[in-house]
Amino acid sequence: MLVDWLTGLLSHWIAYPTLLNILVAMTSVVTVLLFVGVSFYLSRQLVRPWVNHLIDWFEGDTLDATTEQRPALASHIAHLIPAILLVELVPFFFGSWPWWESLVHTLTWLYLYAFVALLLAALADVVQAMLAARHQDSNIPFKVISQLSKLVIFIVLAIMTVSLLMGASPAYLLSGLGALTAVLLLVFRDALLGFVASIQIAANRMVARGDWIEMPKYGADGSVIELALTTVKVRNWDNTVTTLPTYALISDSFKNWRAMQESGGRRIKRAILVDIHSIRFVDAKEMAKIKQSPMLADFFAEQTLINLDTADLTNTALFRAYVEWRLRKHPLINQNLMVMVRQMQPSEVGLPIEIYCFSADKNWANYERIQSDIFDNLLATLPLFDLQAFQRIGSRRDEHDLELT
């Protein structure tokens, strides 16, 4: 035994039993630590290439998806080798000292339990990274499943640790968990709620990574970058990140724009406010003046939406017919979806003429460009129909009226 050998070796120079025992204990502990350190270093050098080769074989076309997870997995496997060796060699190191042997034996098993749990958790991370890379378009919450697996692993670790320290069987501890149910529910409340929410989210395909969601209550308006067991991370359009509880997606309302992105177009719903004082009937003289505009030549040649010969024709009706004709001819408006021009309730800010249609291009920048181009044209066309957009202050007519007064 190591302790007996050290005692015999050091007793030739040290005559005091107490000092001799202290030096033997310190030397034994240092020897054990050196043994663990050297065996860990050697095993890590051997394990790392083997782990990389094995993961490369499993990854296939998702190569490099687990670059961040590989070092932890190799390190945890390497820790198991000195732990297993130490379990077998504890009697050799401390066989003559039962108290030390029992203490080191318990610590070694705790060490082994901890790194088995860490190994399984690292393995769950590797599998999650591979599956997420291989099935990027899948709605399966791989991260949630991984986190749930790790939660179960560490619960088992806690039970095994307490069982070892108390000297009782895990079955005995589990039989007493009923009394701790309320405490456990309180401790794991977020995890349990997140787990239930994750099942409902996955089953109903409510949210997936990459979806654009709006949740004003939490200040979230952007793309989902992480859907985890207890939290959801949203990268907002200003590049800030909002973190909200997973269960909030079930308990609170939110808007998911995925349906729009999967549909045939993105809605344009905006109104032009027409000054009511500029609305009038269009007589023959006024019609002749309007038809003289080169900008409206194609409209009058092709339009079939309105009867131009009626006596009660107004310039707003003519303008609405022009707007609808233009939308029907626009190459970037989806003609398979609703295209409508409607007159809304008049108010103190004028008569709203609302455009309701769908842009065929759903890209945000392109959508805004299409919408702006349409309204630039319509606002510039208003004077051709002798109409004026309502403006609270600064309009030319207001300035002219002020000059007259």
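Placement of Cβ uses the backbone N, Cα and C atoms for every residue, glycine included.
Noted in TrEMBL for the protein shown:
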- 20-42: transmembrane segment (TRANSMEM)
- 77-97: transmembrane segment (TRANSMEM)
- 109-131: transmembrane segment (TRANSMEM)
- 151-173: transmembrane segment (TRANSMEM)
- 179-199: transmembrane segment (TRANSMEM)
- 192-258: domain 'Mechanosensitive ion channel MscS' (DOMAIN)
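Long-range Cβ contacts of the transmembrane segment (109-131) within its own chain (Cβ-Cβ under 8 Å, at least 6 residues beyond either end) map to 55, 58-59, 62, 65-66, 68-70, 72-73, 76-77, 79-80, 83-84, 86-87, 140, 142-143, 145-146, 149-150, 153-154, 156-157, 160-161, 164.
Look at the domain 'Mechanosensitive ion channel MscS' (192-258): DSSP puts its residues at 21 helix, 25 strand, 21 coil.
Confidence for the domain 'Mechanosensitive ion channel MscS' (192-258), expressed as mean pLDDT, is 88.
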